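Working notes, beginning with the structure itself.
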């Protein structure tokens, strides 16, 4: 079973960063907001969770795996058939200098501090993903309905933040958005530690839109804009690995041990009173460094970092009515 889980995650986890990169690259050329595209994933998660529960109760758990196989095949067909392989001319020149480009991005201190925030957010996210449903299930006296309702509330809360993500970044800046999202994480962790009735967490679950929807869009946008031309896909992959792999892994391993040895309330308390304050401290450092970096290169943009092909120029010209993406680093 462990081998199967490892192989399944080895195959599926890269798809998150690849899809994010494909979306960002496409939107950079035709115009649009990443958040508005990403909200379809949230809607699919909510609908899929409900549909899977119906299938499991009606046909058995085996058919859930069959459903995954069918939907994965359809997704692969659509990706291979309809999603174009956009590439900058600059990408062809920089592929041989990938390590040099990665060294350049690692010398940006704001990005390094951002990765520290990503790890801490990943720890709290890993606790929510792996232990919240179990915790509420046990707290409710093994009532399965609490899980379905929580998923519905979480999914609904994501949609408006994904949809308006770019407008929020433009008005408040990436650092403030990250700070508010982490505050929401802290409220969730502390509430879980002290709540006595499981249904009382439902109002708090509306904060999931901040802790997942807005925070994920902020991380992705900033890393994409900060990455040197030609390394965007790699950097988004690193972001996904740091958040889901390092942060999520630490949260799952450490949280599992604390949950089993000391109980769920202690686990949430450690997250709320240790991990959460550390994330705020790192965010303050990130805001200062991002502002300093923007002041040093106020006119820097991805459009200036490489040439644009004639095809891309025509796409950009025809998409003027739809707006263009902006460098979120200068908004901090």
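Any Cβ shown, glycine's included, is placed from N, Cα and C.
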Report task. Name the residue range among 146-165, 306-325 that TrEMBL annotates as transmembrane segment. Result -> 146-165
Query raised in the report: Among 60-83, 146-165, 177-195, which stretch has the highest count of C-beta pairs below 8 Å with the transmembrane segment (266-289)?
Result: 177-195
Report task. Run the contact check on the transmembrane segment (236-260) against the transmembrane segment (111-134): 3 or more C-beta pairs under 8 Å, excluding pairs closer than 6 in sequence. Result -> yes
Query raised in the report: Between 60-83, 111-134, 177-195, 207-224, who has the most Cβ pairs under 8 Å to the transmembrane segment (146-165)?
Result: 207-224
Report summary line: Same-chain residues at least 6 beyond the ends of the transmembrane segment (60-83) with CB under 8 Å of its CB atoms are 22, 26, 48, 51-52
